[in-house]
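Novice: Structure in structure tokens, see below.
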Amino acid sequence: MAQQSELEADIAVVGAGLSGLAAARRLVAYGRSVVVLEARDRVGGRLLNEPIGGGAVVEVGGQWVGPTQDRVLAVIDELGLSTYATYDEGDKLFEMNGRIRRYRGEVPRLNPVVLADIAQAQFRLDRMSRTVPLERPWEARNAEQWDRETFASWMHRNVRTAGGRAFCTLVCEAVWAVHPADLSLLHFLFYNASGGGLDRLISTDAGAQKWRVTDGSQRIAERMAEDLGEQVVLSSPVRRIEQHSTGVAVTSDRHRVRAAHVVVALPPTLTNRIAYDPPLPGIRDQLCQRYAQGTVIKTMAVYPEPFWREDGLSGQVTSATGPVKVCFDNSVPGDGRGVLLGFLEGNQARTLGQLPLAERREQVLDCFTRMFGPRAAKPKTYIERSWAEEEWTRGCYGGFLPPGGWTGHGRAIREPVGRVHWAGTETATVWNGYMDGALTAGERAADEALAAR
Ligand SMILES: Cc1cc2nc3c(=O)[nH]c(=O)nc-3n(C[C@H](O)[C@H](O)[C@H](O)COP(=O)(O)OP(=O)(O)OC[C@H]3O[C@@H](n4cnc5c(N)ncnc54)[C@H](O)[C@@H]3O)c2cc1C
């Protein structure tokens, strides 16, 4: 390893995703000096714009913002950026048991018995979620019971129809990017409460998929980094954090930063890939051993025009068949071309992730063709990003806990370890896993570092 140059700051920040940048921005606003060390040669972490030519960009990472995500909406405004509505006109498609049905609104036209089953499951899940304290999910009245089982086991006892279970599985994969058998019921309920309930999480018009950021969501991170200037250091993966009685030394491949405190703004599993001296307490390390990232491959196909709109279709699909289970029209307004977005999530992403690109592309385009007809088979461009393969992310959309995670280890999620403070969207209480949560988590960790002596 080359000799590291020495830097000094009041507070060091690890990670230039939204959370680390929000922490740095807050610290600078309070007159503190910061150094943000980022492993990649770019800022934004799980936000990444992909140019598709002609000045248009699509996002291969996080992209949507929605109502009640007040912090991210305010920051977009403060940075002089703007949003536009997700394309949401025309019929949606729902595929189950080999049948594709058109529908309007949020709920597909299914057998009334299945619809009633889904409604009772949603009512119960939302009611249980409201009893989970966002700051301390492990203190929910039924925490022990809920953290002992998976969402799958709850579903198999409480959702009576095969259609209802297929729908719940779809929702779990679409929102958490994991199979229901991987997920603690308590984590499901916490995350659901954190985002304001299932309708908010899954809806386009009234929920988390309502708006997109003009010029791409990575612009939020880029604009924040522009304001921070040379205080953001790229291509500088942090390997080691040492603590002593008066400060910390944060060592990356290129720098050694001395500071009074450090904010670590990474997904929990990545925080465990840094060496700590003294070592972290067992409870913190074991929490991060459990806090896995979901699995998503985000795919897009670019066509000369959004031809599905001529057929009165919105481009939005939910399919119990898959492997692409969720689609959107991701065309860029004013660009003229049509972009179909398809998510491979959870087990589908894991399985297809093992295939050569050409085979995966073929399977994705087969899904688009089934939904939108033969014109979907031959896009001008095919784009995909597999986030599990990314060394500095290792999965998305966010992290999740399996049974026993919250009740056994959850109290370590935000608890500072001496001079080390934890940020990242996985530490958020509101909109955990989303850009909004990343921002508030960074600001909360900055406040902790400011208040600490
Ligand atoms: C495909 C996809 C779709 C998504 N969709 C949405 C959406 O529509 N809406 C929404 O709100 N959210 C969405 N999300 C989630 C959203 O992107 C994240 O919640 C948010 O960007 C997380 O920000 P963060 O700063 O907490 O973490 P990250 O963005 O992961 O930032 C962590 C940073 O730390 C860096 N790093 C890692 N290890 C080290 C190290 N050792 N040293 C130095 N630096 C390191 C990384 O390179 C990265 O820049 C999506 C995510 C993905 C991937």
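Cβ atoms here come from the backbone N, Cα and C positions, even for glycine.
Straight from TrEMBL, here's the annotation block:
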type	residues	note
BINDING	SER19, GLU38, ALA39, VAL238, GLU426	FAD binding site
BINDING	PHE343	substrate binding site
DOMAIN	18-449	domain 'Amine oxidase'
Novice: Running a distance check here. Ligand 1 versus the binding-site residues SER19, VAL238, GLU426: which have CB less than 6 Å from one of its atoms?
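Specialist: Among the binding-site residues listed, those whose Cβ sits under 6 Å from ligand 1 are SER19, VAL238.
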Novice: Distance between ALA39 (FAD binding site) and PHE343 (substrate binding site) at the Cα atoms, whole Å?
Specialist: 26
Novice: Does DSSP give VAL238 (FAD binding site) helix, strand or coil?
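Specialist: DSSP call for VAL238 (FAD binding site): strand.
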Novice: Please state how far apart, in Å and to a whole number, the two most distant Cα atoms are among SER19, GLU38, ALA39, VAL238, GLU426, the recorded FAD-binding residues.
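Specialist: That value is 19 Å for the farthest Cα pair.
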Novice: What average pLDDT is reported by the model for the domain 'Amine oxidase' (18-449)?
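Specialist: Computed over the domain 'Amine oxidase' (18-449), the mean pLDDT is 97 on the 0 to 100 scale.
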Novice: Where GLU426 (FAD binding site) and PHE343 (substrate binding site) are concerned, what is their Cα separation in Å, rounded?
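Specialist: PHE343 (substrate binding site) has its Cα 21 Å from the Cα of GLU426 (FAD binding site).
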Novice: Excluding near sequence neighbours, so keeping only residues 6 or more apart in the same chain, what lies with its CB under 8 A of PHE343 (substrate binding site)?
Specialist: ALA174, VAL296, ILE297, LYS298, THR299, VAL324, LYS325, VAL326, CYS327
Novice: Under a three-state reduction of DSSP output, how is ALA39 (FAD binding site) classified: helix, strand, or coil?
Specialist: coil
